[in-house]
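Features of the protein shown, as given by Swiss-Prot:
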BINDING   144, 145, 284, 285, 286, 287, 288, 289, 365, 473  ATP binding site
BINDING   189, 293, 473  D-alanine binding site
């Protein structure tokens, strides 16, 4: 099996002065990335616990990742946007010996040794380190939200990461030495889709920070300054960027490939993108954190757009098997599946199975296969009951998005005494709404031809933009707070 450190070493030899990572004017070459990560690996080599990697979009976050891989201890990435209470819960769960803090923020009381960027830069350790990471070692642990409020640490094996990076490089048709855009913070595993495929193809990883996400104008400046070739983001992020009228092939002719993951890619968004970038390759992918980022892919073409709505997530990647249970729940089997949740046997045994050396994960996603392609139909636990009727909120959202008056939509249940009493549609219209009542009546009339009466939202809230989480996904919690007043 491929080993990403060996591949990285190849590019260090071949193109030492090429830029490996860039954030605004802060850059590290392949040589610098190799040397700085080797110095860090020397500091980490006696650590028996994963290293906590704290920060935002500093290139030294990548130094931290590569250094932790070389040392064999692995890493736990935490973005500065993560609330302090949650950071403390993660530190408490991991019990790290070393924290590499690349930010200016001070972490609260911890018994771990805290390293700063200057400690690595000033270190006199040798700039060479032979990687100690074995294929069956845990390379990273990413914490996802738990239903009880306690975050769950998803442990990913080095072999799984290598297999994933190799697959992604095979999907990337732009070639080696390209400019990659990464939107996701490092505590969100979508970032893995950009980091390792980029570095194992000799590319430059360009980091989008939270200010650029808040102000697309800053992102536009970055795109003008550095023409990108490969784009990796959530669908919600590209949806926001499509508000920039000049985000098109004429303006950005170098942008040849898009990868989307993390949430459902709406048909309308994909269609708008295909119209603006007719000669680019647009990939829709699907996968939970528990199965190493993504396990399916499909190139979205005019033909696919004309044939399917909602869009498929494609076919399983090599080495991964997918099947649906009688209830329609998608189960993933293969090397991509995580080793389970860190120090949480109860949660692990509930959704993972490791019998006979075969790893499976029950996703909680509803899925079907049609024409040899997989379709994700929302969360099994995203069903609600209204007046005795069981329904999928995402199905209503899909139908809402069909309207030419709707650019984006989210459906929010309104609860009273723990029971759903009605639904509200939060809608971003394609044009400003002059008469709310008339537009609501019109949309309801449209929905009547596609949905039963009980699934139609009682009222609609018209919004300029739907809020996003720090990961660049739709912030359903915030939307619910806004519409519920």
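In case you wondered, yes, glycine gets a Cβ from its N, Cα and C as well.
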CA-CA, which of the binding-site residues 189, 293, 473 lies nearest residue 284 (ATP binding site)?
293
Farthest-apart CA atoms of 144, 145, 284, 285, 286, 287, 288, 289, 365, 473, residues recorded for ATP, distance in Å:
24
If I take the Cα of residue 293 (D-alanine binding site) as reference, which of the binding-site residues 144, 286, 365 has the closest Cα?
286
Cα-to-Cα gap, residue 365 (ATP binding site) vs residue 473 (D-alanine binding site), nearest whole Å:
17
Cβ-centroid neighbourhood (8 Å) of the D-alanine site, 189, 293, 473 excluded:
184, 188, 190, 191, 192, 193, 261, 262, 287, 289, 471
Can you tell me the CA-to-CA distance separating residue 189 (D-alanine binding site) and residue 288 (ATP binding site), as a whole number of Å?
9
Pairwise Cα distance for residue 286 (ATP binding site)/residue 473 (D-alanine binding site) [Å, integer]:
14
If we count other C-beta atoms within 10 Å, could you say which of the binding-site residues 189, 284, 288, 365, 473 has the fewest?
473
Please give me the CB contact count at 10 A for residue 144 (ATP binding site), counting all chains in the structure.
15
Which has the fewest other Cβ atoms within 10 Å: 286, 293, the binding-site residues listed?
293
Fill in the CA-CA distance, residue 288 (ATP binding site) to residue 473 (D-alanine binding site), as an integer in Å.
14
Calculate the distance in Å between the alpha carbons (Cα) of residue 144 (ATP binding site) and residue 473 (D-alanine binding site), and round it to a whole number.
14
